Structure formats: structure tokens, C-alpha cells
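> I'd like to ask you about the structure that follows.
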């Protein structure tokens with residue numbers, strides 16, 4: 001029988017209070033099945049795979065209180081139309097469109113479980129009618145564009161272009177505790193070139209500063225899920241100063257990050273730089289399988305054993321080590337072993353795959369993937385002056401720690417106190433996550449289960465290797481999205 005994890009889900013209700021220009025909503029909790037979380041994570045990975053493969057003081061700010069859904073998805077309430085029709089939405093920096101279910105959604109089950117926008121009841125509605133479709137990993141939404149006023153906190157954006165959905169094909173949307181999604185990405189990834197809400201706020205002069213900031217509360221005992229502030233930051237949400245880095249490619253909020261450190265030691269793979277997308281719509285931390293296997297090994301996570309991975313280590317391990325010692329360029333080792341195909345200095349074979357993709361592939365492609373991971377692991381051990389026997393044993397252990405195809409990996413709750421810190425290098429500074437921050441405690445049949453906050457996700461060059469810094473990271477670090485200067489800032493959350 002399939003196991004189901006049950007977590008506390010924070011749903012919103014109750015009273016709006018005002019304090020220092022911020023609107024706050026009191027929250028309560030409800031229990032929900034974690035299958036929704038699994039579906040959301042799978043959909044998110046597919047969403048990025050498809051799209052990336054294609055190519056101080058508050059001032060005049062407004063705060064949106066956030067609910068905490070499975071300690072993973074954060075959402076709040078907006079109003080659409082005049083008078084406002086309320087919708088619960090996810091504030092998602094990984095997409096750019098605003099969509100809510102339409103009253104004209106007749107044939108999708110999901111629409112019958114959520115609030116629906118009724119244009120006839122709004123005095124500020126303007127017809128648009130252009131059809132559109134957004135494809136997610138596990139399904140899609142389709143509908144048409146409309147224009148109306150959108151109330152966010154105490155701000156009202158006039159004539160905002162948004163999508164009325166008439167079809168929602170995924171079971172994820174049926175189970176979801178939100179009605180729609182409010183995208184906060186750049187216009188470059190907006191379907192139909194509809195302006196993101198923050199762009200409209202700036203154009204209409206509604207905010208003092210061209211920024212918005214997230215505070216995600218990870219305290220399981222606190223009823224407050226967090227806050228999203230438009231037009232500034234709330235100094236009570238963070239400590240110290242923010243470290244700002246440039247957005248390197250518009251569309252998503254993509255930045256450059258460096259090495260990932262496990263207990264202070266380099267994992268090597270991103271020492272030359274990796275891209276990272278800061279995404280409030282992703283629950284966990286997603287990164288290259290090569291590094292996630294090292295993280296799983298360090299924290300004792302249980303993953304999926306790979307026969308092919310061990311086959312490469314056992315049959316080719318000695319030769320890989322000898323070639324690395326002989327200063328063979330690591331990127332060419334597997335081609336010289338005839339496990340990967342290369343054209344000059346560039347691979348024409350498949351790039352490193354996730355373990356999910358590995359299980360679907362056959363023959364040389366799978367062995368090539370395993371070889372590429374083994375080279376990274378062994379090169380990292382050679383830098384530590386490890387012996388050959390130790391290097392081979394370490395590689396075999398990592399083969400056993402390849403991430404689960406479902407994304408999540410379990411750890412022993414009793415061992416959290418002895419697990420290492422994991423640190424990201426961003427802007428020349430290290431941003432450390434403690435075990436209490438990257439391990440999620442969930443309930444299963446009355447028992448506590450602990451899940452790693454890391455999952456495998458692989459994007460090939462030139463867009464990859466790539467990390468997605470989701471809510472596990474944003475919960476530890478207050479995050480400022482500065483669209484006026486195209487920067488992202490991080491400071492310790494208060």
C-alpha cells in the first residue's frame with residue numbers, strides 16, 4: 001500500500017490587521033495528504049526542464065500575508081474586479097502570468113472546487129478575449145485574457161491583464177488549496193506578453209521602490225505563514241545587511257552561484273560557477289544529481305541504488321583515477337573510455353541526467369551518465385589526497401545514495417543533530433543552512449518522518465548546471481527582488 005505523509009497545512013481565514021503599513025492575516029492549520037506536495041514538485045521540475053530547454057524602510061509599500069502550505073507552498077488572498085472577488089493564489093517568482101478560474105469553466109473538475117471569476121459582476125471589467133494556454137509538467141491550463149482591477153493588500157492595480165482559465169487538466173489543480181497563480185517573474189516569460197503585476201504597479205506609480213520582498217516563516221508552531229511586501233522591505237523580517245547579486249538572465253530570477261560546501265568542504269561541481277533560479281514556487285532545493293548524491297551521502301539519506309553506477313565504478317574506476325592523476329581533462333575522461341561521445345572538446349552525447357531519466361535510458365547513454373558523475377566524485381576525493389581504495393569505496397557509496405525518482409529522500413530524525421551544515425556560495429559570501437533548516441519534519445500515521453530538503457534536477461549546458469533555490473532557502477534568508485536594478489538580495493531571516 002502506498003504510504004501517505006500527512007503534514008500540517010496552513011490555510012487562511014480571519015481578520016486583516018494594519019500595522020506600519022502592512023496588512024496581516026491571521027492563519028489557522030488544516031491537515032492534508034502530502035501526495036499534493038509530490039505532484040507539485042514533479043510538476044515544477046518538468047516546468048523548468050521544458051522552459052529552460054527551450055531557450056530598509058517600508059515607505060509606500062504594501063504587504064501580502066502568506067499562508068504556509070505543507071511548509072512548502074506559500075499563498076495569500078487577492079481581489080479581482082469591482083467589488084473585489086477574492087482568490088487564494090500562490091505568489092510565484094518562477095512564472096509571470098496571473099490566472100484564476102473563470103465562471104465559464106464548465107468542463108474541468110478543478111474549477112468546481114475553487115472560486116471562479118464572474119466578469120458580469122465587476123463594473124471595471126474590460127473584455128480582451130485572446131485565447132492562451134500554459135503547460136505545466138503534470139498538466140496545463142487554458143483560457144482567455146481579460147482586464148480588470150486587481151487588489152493586492154491595500155493597493156489596487158487598474159486594468160491588469162490576466163487569464164481566466166476555462167480548462168485545468170491536472171489533478172494537481174483539483175487537490176490544490178489555491179485558486180490560481182500570481183506570477184512574479186520577468187515579462188520575458190509571460191505568456192501573451194501580459195505585464196506582470198509588479199510591472200503594472202511600477203507603471204501606475206503605486207509603489208515607492210521598484211522591489212518586492214519575501215519573508216517565509218518556517219516556524220512550525222507559529223500561525224503566521226509569512227509576508228510578501230511590495231515597494232520595500234520590513235526591517236523586522238531580517239537581521240544584518242542584504243547581499244545583492246545581479247540577475248544574469250531575465251525571464252526567471254536567475255543569478256550566478258559558486259561552490260556548494262558540505263561541512264565546509266567543496267563538492268567541486270559548481271566551483272567554476274553554476275546558474276541558480278530563486279523561485280518561491282518550488283518547495284525544496286533542487287540541484288545537479290552529482291551534488292545531491294554527495295549531500296545524501298553526508299546526511300545519511302536513503303536513495304535508490306544504481307546497478308549501472310556501480311558497474312562503471314567497479315569496471316572503470318581504476319582507469320578513471322589513473323587518468324585524473326595523469327592530468328587528463330575531466331570532461332574528456334569518459335570519452336577516452338568510449339563511454340561517452342565527444343566532438344572535439346564538446347559532448348555530442350547526452351548531458352548528465354537525473355536518476356529519473358537514467359532509469360528510462362538504455363546502454364551507453366546510461367553508462368555515460370554514470371561515468372560523468374563518477375569522474376566528479378573521484379576528482380573531488382583526489383583533491384583531498386584520498387587513497388585509491390577510499391576513492392572507489394566512496395564512489396560506490398554515492399551510487400547507493402542517488403536520489404529517489406519521486407524527489408524526496410528520508411533521513412533518520414535521531415541523526416539531525418549530527419548532520420553537517422550545507423552552505424551555498426553567492427556573491428562571494430557563504431549562506432549556510434543548518435540541518436534544522438534543510439530537513440523537513442512531517443507526520444506519517446502518527447509518527448514523525450524526516451525528509452531531506454534537497455532533490456535532484458539536471459539542466460544541460462549552456463543553461464546548466466543549475467540550482468533552484470526554493471522555499472527551503474528562502475525560509476532561511478529574507479529575499480528581495482529588485483526589478484528596478486535587476487538584482488536579488490539575501491539576508492538572514494528574523
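Just so you know, glycine gets a Cβ as well, placed from its N, Cα and C.
Automated prediction, rather than curation, is the source of TrEMBL annotations.
Heads up, here are the entries from TrEMBL:
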- 92: active site (ACT_SITE)
- 279: active site (ACT_SITE)
- 105-111: disulfide bond (DISULFID)
- 270-274: disulfide bond (DISULFID)
- 74-491: domain 'Peptidase A1' (DOMAIN)
- 304-344: domain 'Saposin B-type' (DOMAIN)
- 364-405: domain 'Saposin B-type' (DOMAIN)
- 1-21: signal peptide (SIGNAL)
> Of all the active-site residues here, 92, 279, which one's CB has the most other CB atoms within 10 A?
279
> Measuring CA to CA, name the entry from the recorded positions 92, 105, 111, 270 that ends up nearest residue 279 (active site).
92
> Say you check the Cα of residue 274 (disulfide bond) against those of the recorded positions 92, 105, 111; which is nearest?
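Minimum Cα distance from residue 274 (disulfide bond) across 92, 105, 111 lands on 92.
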> Measuring Cα to Cα, how many angstrom lie between residue 105 (disulfide bond) and residue 92 (active site)?
23
> Cα-Cα separation of residue 270 (disulfide bond) and residue 92 (active site), in Å?
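Here the two Cα atoms lie 26 Å apart.
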> Provide the number of Cβ atoms within 10 Å of the Cβ of residue 274 (disulfide bond), excluding the reference atom itself.
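Excluding its own Cβ, the number within 10 Å is 22.
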> Using Cα coordinates, what distance in whole Å links residue 92 (active site) and residue 111 (disulfide bond)?
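Just about 20 Å between their Cα atoms.
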> Ten-angstrom check, please: count other Cβ atoms within 10 Å of the Cβ of residue 105 (disulfide bond), all chains counted.
23
> Quick one: give me the count of other CB atoms within 10 A of the CB of residue 270 (disulfide bond).
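So the number of other Cβ atoms within 10 Å of residue 270 (disulfide bond) is 24.
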> Summarise the domain 'Saposin B-type' (364-405) by DSSP state, stating how many residues are helix, strand and coil.
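Residue counts for the domain 'Saposin B-type' (364-405) by secondary structure: 33 helix, 0 strand, 9 coil.
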> Using DSSP, how many residues in the domain 'Saposin B-type' (304-344) fall into helix, strand and coil?
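The breakdown for the domain 'Saposin B-type' (304-344) reads 26 helix, 2 strand, 13 coil.
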> Counting across all protein chains present, how many other Cβ atoms fall within 10 Å of the Cβ of residue 111 (disulfide bond)?
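Total other Cβ atoms inside 10 Å, all chains included: 22.
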